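These notes concern the structure reproduced below.
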Amino acid sequence: MSPIGKHDYDLVVIGGGSGGLACSKEAAQLGQKVAVLDYVEPSAKGTKWGLGGTCVNVGCIPKKLMHQAALLGTAVKDAQKYGWQISGTVSHDWSTMAEAVQNYVKSLNWGHRVQLQDKKVTYLNLKGTLVDKHTIRGLSKAGKETILTAKNIVLATGGRPKYPSNVPGAVEHGITSDDIFWLKKSPGKTLVVGASYVALECAGFLTGIGLNTTVMVRSIALRGFDQQMAGLVTDYMESYGTRFEWKSVPTRVERLSSGALKVTWTNTQTGCEHSDTFDSVLWAVGRSPETKALGLDKVGVQISKETGKVIVGADESSSVPNIYAFGDIGEGRPELTPTAIKAGRLLAHRLAGRSSELMNYDNVATTVFTPLEYGCVGLSEVEAERRHGKDGIEVYHAFYKPLEFTVSQRDSSQCYIKVICEREGNQKILGLHFLGPNAGEVLQGFSLALQCGATYPQLTRTVGIHPTSAEELMKVNITKRSGLDPTVTGC
């Protein structure tokens, strides 16, 4: 081990995803000598990508673009009601969309490399493993070894999709979110297994571009989110054309001589076995942290036995004083790109001795980009009840109709808003939930309000922007407790 003060770097970051890149660039800007190691193991299907991590390559960015492709399909249908004359059959070409999305992602990969160069961060395309608490072994694709030493080490390796271990044919014949965005040809008739936001978002855009899509759900949809809202999300998806197989678990996947995939599953309620054929099977059954190959046991970095994630303190510190972890591999942390970016930048400031500010993980807004988008910030209704008691909260809610849905005669049965407040005192807002178009754009500003301790009276005193869906939040006045019909009438 190199003596203190004689390290190659002030900071080495292992992982070139959103968080790792943000942390390394910020640290370099603060005068630290920094290196970032990034290495992408190809997926089980052989898919690989460049610098930037999950969000850029196989997550938020390509997902949102393919979601946009699906929204445009709906817009084309709406357009005719608005007077647009569209002749001939409207159809979607997967390869055109995929090539455009993939080219944009590649431009981001290049942009990240340029940024690291501009900010004087050393980028190493090496797979990093800890040798001791100040030493990292980097291994290249060709097997060449590089040894680096650092005063501080930050682990930001994120996670990768899981395959089920007990389903014959799952890995051999299935794909994951690591593959779907890089397919050259359309996945065709697709079975999506799982009901996480990843599963529902993928199933949503596949349905939206015209593919026959089924979602297989073992128990509940959107675990960890408000379950009333989750039910409305899947109700809308069903009316949109996505099929759901509820209370079902796959038992095997086989390739037929025709090339199709035969999937057999069991309905856990009835015990009956069913089967159908698909062109693709997309597994979205959770993610595993990329901690196994880091050599954490060698240096005494403690991980959770249940999740495999690094156990971290409020300052992202691990059980080893100079080794830190954040982002998706931090135990109990939200698996969200913006939290990783913010946490990484704050950590860089603390390591450079410029600040003691900690990341605030409360009231982080997020949006699920399903066909009808769901945005939320703060507590779910069940969690608010658990913390404050059923009689300690007031829930204001409304079913509303976006103006854009009127002329096109689109179903707005699931467009819904819920504001959860403390019942007593100034009625501080505990949680805010919005299901409707552009949910992410609507919710961002409200997350600021919740950070500032917004109350229900402040919400209702705010003048809305007319005519928008967002203004409906300012107008909510019917409580669940009242039992009155919460459907908004008039403009």
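Cβ atoms are placed via backbone N, Cα and C, with glycine included.
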Pick out which of CYS23, CYS55 TrEMBL lists as the disulfide partner of CYS60.
CYS55
Residue, out of the recorded positions LYS64, HIS466, whose Cβ gathers the largest set of other Cβ atoms within 10 Å
LYS64
Using the Cβ centroid of GLY194, ALA195, SER196, TYR197, VAL198, ALA199, LEU200, GLU201, GLY286 as the reference point for the NAD(+) site, which residues of the same chain not in that list have Cβ within 8 Å?
VAL192, CYS202, LEU222, ALA284
How many whole Å apart are the CA atoms of VAL198 (NAD(+) binding site) and GLY128 (FAD binding site)?
28
Are there residues of the same chain, six or more positions away from CYS55 (disulfide bond), whose CB falls under 8 angstroms from its CB, and which are they?
GLY17, SER18, ILE61, THR337
In the structure shown, which of the binding-site residues GLY128, GLY194, GLY286 has the fewest Cβ neighbours within 10 Å?
GLY286
Under 8 Å between C-beta atoms and at least six apart in sequence, can you list the same-chain neighbours of LEU200 (NAD(+) binding site), or say none if there are none?
VAL215, ALA221, LEU222, VAL233, THR234, MET237, VAL368, THR370
Output, ordered by sequence, the same-chain residues six or more apart from SER196 (NAD(+) binding site) with a CB under 8 Å from its CB, or 'none'.
LEU222, ARG223, ALA284, VAL285, GLY286
Rounded to whole angstrom, what's the largest C-alpha distance between any two of GLY194, ALA195, SER196, TYR197, VAL198, ALA199, LEU200, GLU201, GLY286, listed as binding NAD(+)?
14
